[in-house]
Amino acid sequence: MPLFADAAARAATLRAEIARHNHAYYVLDTPTIPDAEYDRLFRELQDIEAAHPELLTPDSPTQRVGGAPLPELVPVRHAVPMLSIRTETDTTAQGVRNFDTRVRNALGLGDGDPAVEYLSELKFDGLAISLRYEHGVLVRAATRGDGETGEDVTHNVRTIQQIPLRLHGAAPAVIEVRGEIYMRRDDFEALNNRQREAGDKVFVNPRNAAAGAVRQLDPRIAARRPLSFFAYGLGEHAGFDLPATQAELLTRLAAFGVPVCEHREVSSGPEGLIAFHDRIAALRNELPYDIDGVVYKVNRVDLQRELGFVTREPRWAVAHKYPAQEEITRLAGIDVQVGRTGALTPVARLEPVFVGGVTVTNATLHNQDEIDRKDVRVGDWVIVRRAGDVIPEVVGPVLERRVGEPPRFNLLASYPTCPVCGSHVVRGEDEAVARCSGGLFCPAQRKQALLHFAGRRAMDIEGLGDKLVEQLVDASIVKTPADLYKLGILALANLERMGEKSAQNLLAAIEKSRNTTLARFIFALGIRNVGEATAKDLARHFGSLDALLAADEGALQQVPDVGPVVAKCIAEFFAEAHNVEVVEQLRAAGLRWEEGAPAAPASGSVAGLTFVITGTLPTLSRDEAKALIEAHGGKVSGSVSKKTDYLVAGAEAGSKLAKAQDLGVDIVDEDGLRRLLESGEQSPINNKDGVPE
């Protein structure tokens, strides 16, 4: 290595450097290096740890996601109970005065005594968590549970980028950081968009999505849900000099690199608390996360001890929630918004109504099925709620106030073409969501289309990440994937966090991507329901892009594993002239791949057989095993089903193994796979009951 002959020293340096960049990016929101440079550092650390496994440490950034799913969540007893905070029943300013009066009476303070000093914080709508650090390293994360006993969720919490795996600076022997795991609203919306895109159930609100992620048995599921964290207190600690005030404690936690909310304020007496409450009420709609109130705490720790607890609630703290947020108004019309995945979402246009401190004029109606289920019609009086305490939602109509029989809203009849780009709008038979078919062309879908196109398994354009794509699209430098191949050094070098060197690296990566394969190119187009495996099947079957473009639904269904739904998605994609125009622009930009005659029927020792790979194989990576199977005519799927012929199981095989056993799928290990590929016959030591010993 250029700077360190000692791999251990270099690994330690990389871990510290990556941790600093993570803290700057995820906690401070002030990125310090380009994405491509961060990726380079991360890969270098991965390479060192792969070559020297003995250097792997639990606080390494490479270890945030990993390991097999757990069989169950293990109970954890809290050394210091995680108690709940009393909720003030009076949501008005009088509720604040009631709390202050109780505190003063408990402390024996009279009218002539000084005002009590308080710290005001936000009441986050998330999941309470306890993070235990020993000598600075995160060793356990546990849910609140019943306050006495929670559940060990360390495997999932390690995937949260905001939570440091190692504390900054000189850390105490033991410190348990208490706080809230939550999901930002924009992350929640993006997650639900992905759920809709995959045909999966959407989440009701960010809190449910966050809580469900934290309690998953498989950390890979949690890693796919973008979670955040704020600290607000302390549990057990040893070797830690406890500050004199709650405010100082939060400052100390922030110095350890733990995220602490900036919206907090020290004040004296009830009037300061009331002012904070009202100021946050006016601000809450602009916050990037959900809150359902504020929390007041006596600031001095010695007074907290003196006040103590009553019925397992601290006397020195109270939650002050905001009032209920439902009102009635008239539905003036229904508009449509096009999301980044092409989903058309109906939006209620409302007569202005004041709900929970803000004036609401629009609210989500989700999709056609929800409109039908709620029977909401233009002209109705409707109940409006700020769902999740933030996002306005139409709950339903007030039927007794309906006049006559207003017509029902039909999205496809009202919007046969995309309101953004004019492409055809389509909706699958069993799908709730209608979509714009102009995926490569539609401005609303540009960012998502570009990120998918540049992905590692698509065109593999290294360095083209979220932030850069956002800049390129917002500055109107790139409108379609074809525009990437027109980029020059001047246009890139002027972008934020993109110097001349980074620009040259990106241009080199774009140039390298011109030489690809037909399968990668098809996958990069982002055709709905066309994954990597289907793209390979299409490339193999048709042999050329022109043959694919000319295929109708009937011809497409001749491709192995392409059924009516996928065939319809492909046909609709290429029936949209805007998409074909971008495809031709990409060809004109010099993208190249080998083409040939349509493939003959698959041959080889496992031709026509479907495999699923799970667990860690002794000598083969999953990609290597997949390539071997495909080279012998087989196909690799990502999930076990009745159509699966063989499950290739390695160490720490997860839920796929159990499902394969339930379905009676043949199970082989790596040796069994090699024998199968060589002879086409299953080894007699492998069977449907499990992996051979």
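Numbering starts at 1 and runs along the chain as displayed.
Cβ atoms here come from the backbone N, Cα and C positions, even for glycine.
Under a cutoff of 8 A between CB atoms, and with a sequence separation of 6+ in the same chain, the neighbours of Lys123 (active site, N6-AMP-lysine intermediate) are Ile291, Asp292, Gly293, Val294, Val295, Ala319, His320, Lys321. What Swiss-Prot records for Lys123 is active site, N6-AMP-lysine intermediate.
Mapped onto three states, the DSSP output places Ile85 (NAD(+) binding site) in coil. When other Cβ atoms within 10 Å of the Cβ of Ile85 (NAD(+) binding site) are tallied across all protein chains shown, the result is 15. Annotation source Swiss-Prot lists NAD(+) binding site at Asp35, Ala36, Glu37, Tyr38, Asp39, Ser84, Ile85, Glu121, Arg144, Glu180, Lys297, Lys321.
Using a 10 Å Cβ-Cβ cutoff, Cys418 (Zn(2+) binding site) registers 26 neighbours. As annotated by Swiss-Prot, Zn(2+) binding site applies to Cys418, Cys421, Cys436, Cys442.
Residues or ranges marked as domain 'BRCT' in Swiss-Prot (evidence: sequence analysis): 601-690.
Most Cβ neighbours within 10 Å among the binding-site residues Cys421, Cys436, Cys442: this distinction goes to Cys436. Regional average pLDDT for the domain 'BRCT' (601-690) in the model is 80. Nearest by CA distance to Cys418 (Zn(2+) binding site), out of the binding-site residues Asp35, Glu37, Asp39, Arg144, is Asp35. For Asp35 (NAD(+) binding site), the nearest neighbour among the listed binding-site residues (Cys421, Cys436, Cys442), judged by C-alpha distance, is Cys442. Residue density at Asp35 (NAD(+) binding site): 20 other Cβ atoms are found within 10 A of its Cβ, drawing on all protein chains shown.
A sphere of 10 angstroms centred on the C-beta of Glu37 (NAD(+) binding site) encloses 17 other C-beta atoms.
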